[in-house]
């Protein structure tokens, strides 16, 4: 089957922002104007197409990244609407990994907010080109110019306005297009009566100022244009558009647009900008992957290249298990067998579908650049690579943040026991930031996630989707353990003689602190066969498993590097199990000698309160072991940014309301892990041993 839409006319884009900036409403308007839906759904009415889970429609927030295909001006646009709440950061992360461009939506009143910065950093990590849409221009307090400046200052982006608003708040009437030098007046709030006119005289000076900046930015992308500009020649509309496209795709320019999605103003012009400035799959750098021998290889977005696809999301569905994939090269066909290179297992594609939120359209194949979903994959998880058996390749997986909060769960009745374990397995397959473990001391099932809302929604889903009633304990902090110094030549020796065949395993290791975020790293420097090859893997496995429970308080050990340097074996008595135990013994011994410490999750907390309450808020954050990073006031509103241990933040939502008579708000997101003070460590250790 031949390709129906040329690759250069495909756009894979995401819509991302801080919570409440209007992402889902913007997506709904895009779908309405591109003909996918015939009645506009509203988030506050619980009818948005992309918010299709029950909890999303109830809460008016987007939890999972919904993928939808639509079209605009003979281009196919695949859109992912991502959540803005920090607890669902993995959804944004996995979307960024598979997108070619992003519309970053900002509220014209709130401006650049904490989650806007997080989303921006995620886009930076994957080098995703962006356009900015300053939304809600009809709101009281809307200020396009302030937000434009914040994007430049706080996000350090080369934000170039390609539109200016005509009026704001209740007087927001339309938009000036700085590239075309035309004004668009919206005669009603349905977006159906748009009049193209000359630029209003009172705006001409401002238009001239911003158009000059626009032309300078365009000229800087190309030497020939720069020469033309310096010679005083006018750049044509097409030259400006081509230059802006080049700068946007290179990441050196962020075009800035404005509008009001809710009032249907500016959405069609934004769709034009998606087509004009964001890249096709063939215009982004080829994806890099690893061959089985460890060499790096590039795969271009081309149907004729061998297949390379990344599974970026798993979803339980009444129709079966849906695996969302981005095809980077080649063609993925229904009914074909593919290799899951990450697991080295063959899988069969039984069905392929294109998504229209919770509606789906069966297709025979997905081609290079396509986003779709496959059914029939049993072993594939988020981050796995699917490829041709004859051309194996492993693509870079996703960055999975560590969970920071945990709760114990138990089924309400014995009958729910099996259902609970099935539900937890299914949910953890869908969401890599959701972890499940059984506490070896208490035998309790403990679930961990990115925040209280994250776990609340997962427990809610257990009841709704899996019909499991569960009792949930109080939230617990997900502490970690690590080491502060390196130790050398630590032995682990396991010998057992009890008649018949004995057991013998012996390893010698060096242990040192690893880079933050590396987890457990292992290197073998065995020379001369002191430990045979077949026993190196089991020894590593033993070390890795011992990291699951640290020596101080039983929390997972992270960011350590173990090097196997020596050992010995017995021709008859050595076995894989003996070396696994020896590896575990060496690891425990080494950690005890390497100055182990406990780490706690630190949260970035941003509080906004009326100025009068600023002193109270700062004093309160200090008592919570907070580190104040910045404070500012604007129009009677104080903003305080700090890093605070998660352990001190439970119940803060209630406290801040009572301290500010309900007028304070705050946002909180994970920042990093940090060593706890000695007094706190002693309390944690005593509690873990049952003495507190």
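Each Cβ is built from the backbone N, Cα and C atoms, and glycine gets one as well.
Pulled from Swiss-Prot, these are the features on record:
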type	residues	note
BINDING	17-24, 81-85, 135-138	GTP binding site
DOMAIN	8-282	domain 'tr-type G'
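In the three-state DSSP scheme, residue 17 (GTP binding site) is classed as strand.
A sphere of 10 angstroms centred on the C-beta of residue 17 (GTP binding site) encloses 29 other C-beta atoms. On the 0 to 100 pLDDT scale, the domain 'tr-type G' (8-282) averages 82 in the predicted structure.
Around the Cβ of residue 137 (GTP binding site), 29 further Cβ atoms fall within 10 Å across all displayed protein chains. For the recorded site, residue 137 (GTP binding site), the DSSP three-state label reads coil.
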